[in-house]
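*Asks:* In case it's useful when we look at the structure, here is the feature table from TrEMBL:
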DOMAIN    1-90  domain 'CARD'
REPEAT    656-697  repeat 'WD'
REPEAT    745-786  repeat 'WD'
REPEAT    881-922  repeat 'WD'
REPEAT    960-1001  repeat 'WD'
REPEAT    1001-1046  repeat 'WD'
REPEAT    1047-1088  repeat 'WD'
REPEAT    1089-1130  repeat 'WD'
Amino acid sequence: MEEGARSCLLQSRSSLEQDIRASYLMDHMISDGVLTGDEEDRIRSKPTRREQAVALLELLLRKDNQAYISFYNALVRESYGDLASLLHNSLPLVSPEAEKSFSDGGTRYVQAVLSEGGVPQRPVVFVSRPALMNRVREKLYRLQKEPGWVTVFGMAGSGKSVLAAEAVRDHALITECFPGGVHWLSIGQLDRSDLLVRIQSLCFRLEQQSQEKDPSSSLHRPPGSLEEAKERLRFLMLRRYPRSLLILDDIWDSSVLKAFDIQCRVLLTTRDRSLADCVSGPKSEVAVESGLEEGQALEILALYVNRKPQRLPEQARSIVRECKGSPLVVSLIGALLREFPDRWAYYLHTLQQKKFKRIRKSSSYDYDALDQAMAASIQVLSEEHRELYIDLTVLEKDVKVPAKVLSVLWDLEPEEVEDVLQDFVNKSLLFRDCHHRPYLYYLHDLQLDFLAEMNRSGLESLHTKVVRQYQQRYSKGPPTSGDEECLYWFRFLTYHMAKANLTQELYSLMFSLDWVRTKAQIMGPAHLINDYLEYSTILDKEVRGHFQEFLSLNGHQLEQRPFPDVVQLALSQPDSSEVYRQALLQAQERATRGGLYLDWVNKSSLKSLSRLVVQPHQGSIYSACFSHDGTKIASCGSSKTLRVFKSTSGEKLLEIQAHDDEVLCCAFSLDDHLLATCSSDRKVKVWNVERGTLMRMFEDEHEEQVNHCQFTNTRRRLLLATCSNDKFMNTKLWNINKPSSQNTMFGHLEPVNHCCFSPDDAYLSTSSSDGTLKLWEVSSANEWKSIDVADMFPEQREQTEVMVKCSTWSAGGRTIICAARNAVFVFDVETAAMLLEIRTSRLSTVQYCHACPSTHVVAIALSNYYTIIRQDMTSYKMADCSGHLSWVHGVQFSPDGSLLLSCSDDQTVRVWETNKVHTSSAVCLKRDSDVLFNNGDITVVAADNRNRLQVPSGTSLATLQGHTRTVLHCQFTPEGHTLITSSEDTTIRVWRWRTGECVVLEGHKEQVRCFSLLTTTPSSETHLLSWSFDGTIKVWDMSSGERLQDLVCHQGAVLACDVSPDGQLFATTSADKTAKVWSSASWECVRLLNGHQDCVRSCRFSWDGRRLATGDDNGEIRLWNVKDGTLLKICSRDNKDAMDSLHGGWVTDLHFSPDNTVLLSTGGYIKWWNVEKGEALQTFYPTGANLKRIHVSPDFSTFVTIDNIGILYILKKVE
């Protein structure tokens, strides 16, 4: 059965199983010869109606095209019209011989009737179009009881005449509807005298046939005028042939058609669908698609050259695609190839070069060459309309445009444009997509090619006209409505400029940050990146690189809604970038009008390794893979979808709702035509990449979630391997052309997490939760070797199980690399000896590893958000790829090894250039830090990843040792000589950091997250307020270390505390979702603030002490009146972001500006808010996320923070 038919059955399966009665349908299918009596008995033996339906469909999926058509016909006959409509568009091809088994269209009676009526015989090379033919016959059946018109219309060479002749080649149709016969008359482009001759000929033929049947009737003299001829024909059709069908082939003119308005039954073929408007009587119409399906067109070519379609050269498929399956072109080229069978490449090149005059062959068709057929259609237009039609030469192939675009081009009112377009559509010179409102219009590729060839010398001026008309209409700025017209200009204005050779204007447009902002907001960043790639040869290389890098690395931000401030994003670009230069100028200009912008002044120390960042799904991404040609990436994850996008720009090519549960893995076949997916829903599916259709589904053999799938690596044989959480039958090999698995590997007694073919497909490796890595012979499915990876962890094996996560083969297949816990092992395949062990941090686990297919390099994905690249035989670390904000689930090299992709729980896929990645030499700082602002100088102190305090002072670093666990917070005293630190070790230390002297404050039972200085009176400068997860607040004398107060504040952990500017109050927030305000004099709670729906993570008093801001783990910020505890404002975005938060994560820190008009907040990113309105003023997106704290200069112009991957940000307000 054809792929399309099978896919349609699979997709419609649930509806069919629910409604059909198999017993009703099987009688028809048995009579058609596609079902045997034994098969019927087996189906009838099922106890319930639904089980019978399921069994029938299972049987049907194993049969051929004839069974599909028989099933479809049975649905129609049994009045399952709604279900038949689901299958209609996928009706497969039927050979003439097969068609005879379903109809008696080849009977002698039919042949005699059609021969007498002058109906052309079936072409020597013929392929049926059952869906179209059925539609024509359906319309003809409506003429059974009364006269009327059926119009079959379509563009030149679409096969209208063959379809009309084939539609009446049906015994039941003729006997039931047209027992008086079928009479064919070819018309074409005629003047009145030629038309009279044609009608005279028809009348003579009818009278002659009548005399043969009734010798008493006599022949009349030929009619002398059109009026007399019309009356003679009326008499013959109504009196002697009262129930006959008149077929008028190739009608061009309404005046010609009026000559046949004689109250009879007429089927007409034409390029102009509006012709029948001029005649009386009931009318119906059938539109003929301009092209054959690919399989149909290939079958025609195969018949011409006497080969099977599968044996045709690759150029055959390219020819069909180039002409969009045009029946005329396929037939002309087929006939030429019959005589010159070695000219496949020549005729393909001729098509591609639009040299239509060379595609010429004498035939029964009115035109021997394609250009003749095309030109004939255009010549019937009025001179004014012909000029307008020529303007359509500027359109791109496969692009649909609204009338408003052509209104700009032609400088006409939209209503006038629609009238013109209607005329083009009626004459089959243009196609209309009626599924959109307003309508969209498009040209067939052949029409466009013909126009381009006809106007080759004037193309540049035509494109220039488009640009000038656009500039005139939108002189004040581009359209921003987001409708189809707006989308067209944003997508194709650059195309028209390039074709018009308007290089300078193209530069100005594409190197404009305003254009980038508007186009990215309306269409997304991928289209912009495509533009820079497409016009790379005519754009300045350096500046193009600036814009392309900006879009590639910020694309995931530009997909967010609300749309981010592009100027602020661009200020994070390198100072040498043209993007940064334009952004700075715009920021400075907007700052004069009250705008708020931040310049990242120390960004020069950071080198990004990513080439592209894409956010293809809403949810974790579990798997991503390159196509074998490296041009596409497929990804899948918790969103249950499969998405394919360009590896260069991230532009979406395909998106499928693939499974009913999380999609755990996806894999391309070697030729990139197929994609396999597997899921927690226990199903394995194989998809056609080009069409996005389901080809095969395996749903019965795996009983638990399917973890991984992979196709074979060579062209020897296409197999698919899958592995699952099943207890025993957990690894299977599938031939996708068969409904059940080909082999099952037995050996693992626990879930198998990963499977991988060797480079030559001789072996399959499997990685299991039973702690072993097994190698299997693919040909026999026998176990070849087993490596006990759990033995590599002798100190841990007794405590917990060792899970082997994945394995990957080296480029030559001599070594195999596997991952377990926090280690990667390299084994010799022949001896199973361990050659190398790579241990990572004890705080992370290896999630995945992949060996480069072209070099001795392995990429390792870690749970601590990093991806590292090492040499697989020396363990030399080549690079740290930092940037992901959560666990990295997968990595894969491109086939040539130049790129590496990684996918993560942070919903992004990142693409890295392997020749540019490197190990970072910068100190990786932890987020706990303090900053000293002193007359414009900035001193930062922060803990590094070895728990050392780093104090940049000139070129040296002061190191203070004493804490036994992670340092959580540090802060300078106002004079800068004392540094205070708190730690997970439950202590606070007060340092004289220049000398290393230290006072230790002990008393908390849990880690001390933070502290604050109490300044109620001049004498209290040495008092310190600290809080802890133990739910308490403690007050200390810093000089002596004495504990002065000990308060139990909340039922949950105390997460934050802030002291009011006058020192009279302090506020606490807690995991119990409340905030409290306390008196520093009485140490009693004076306000309880309820309302947050999650842990309250941060708080801050305004400088005038009148407001208190609190932030929670949901990303919401609340502003309170301190005096009476009332809620003033809620600062929040309208919807949650990609991290399922209102702030990219927890709100961890808050600061008011000195004038109390602006509030600063940190979370996943940094935001500035208007305090009075509760509206966001600006957002800064760091490279990492989960900002813990931000330090603000006294004048609120400089801001310093560190993200979760250790990057330091010094931000200064743009003045």
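Heads up, the Cβ atoms here are built off N, Cα and C, so glycines get one too.
Note that TrEMBL annotation is computational and uncurated.
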*Asks:* When the repeat 'WD' (881-922) is classified with DSSP, how many of its residues are helical, how many are strand and how many are coil?
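*Replies:* Counting residues per DSSP class in the repeat 'WD' (881-922), I get 0 helix, 18 strand, 24 coil.
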*Asks:* For the repeat 'WD' (745-786), what does DSSP give as the number of helix, strand and coil residues?
*Replies:* 0 helix, 23 strand, 19 coil
*Asks:* In the same chain, who gets a Cβ under 8 Å from the repeat 'WD' (1047-1088) while lying at least 6 residues past its ends?
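*Replies:* Non-local partners: 1006, 1009-1010, 1012-1017, 1020, 1025, 1027-1034, 1094-1101, 1103-1105, 1108, 1110, 1112, 1120, 1122, 1125.
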*Asks:* Checking distant contacts: for the repeat 'WD' (1089-1130), what same-chain residues at least six beyond its ends satisfy Cβ-Cβ under 8 A?
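*Replies:* Sequence-distant neighbours of the repeat 'WD' (1089-1130): 1052, 1055-1062, 1064-1065, 1067-1071, 1073-1077, 1136-1137, 1141-1152, 1154-1156, 1159, 1161, 1163-1164, 1169, 1171-1174.
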*Asks:* Go ahead and report the DSSP secondary structure tallies for the repeat 'WD' (960-1001): helix first, then strand, then coil.
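*Replies:* Breakdown, helix to coil: 0 helix, 22 strand, 20 coil.
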*Asks:* Express the predicted model's confidence over the repeat 'WD' (656-697) as a mean pLDDT, rounded to an integer.
*Replies:* 95
*Asks:* Could you break down the residues of the repeat 'WD' (656-697) into DSSP helix, strand and coil, giving a count for each?
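*Replies:* The breakdown for the repeat 'WD' (656-697) reads 0 helix, 24 strand, 18 coil.
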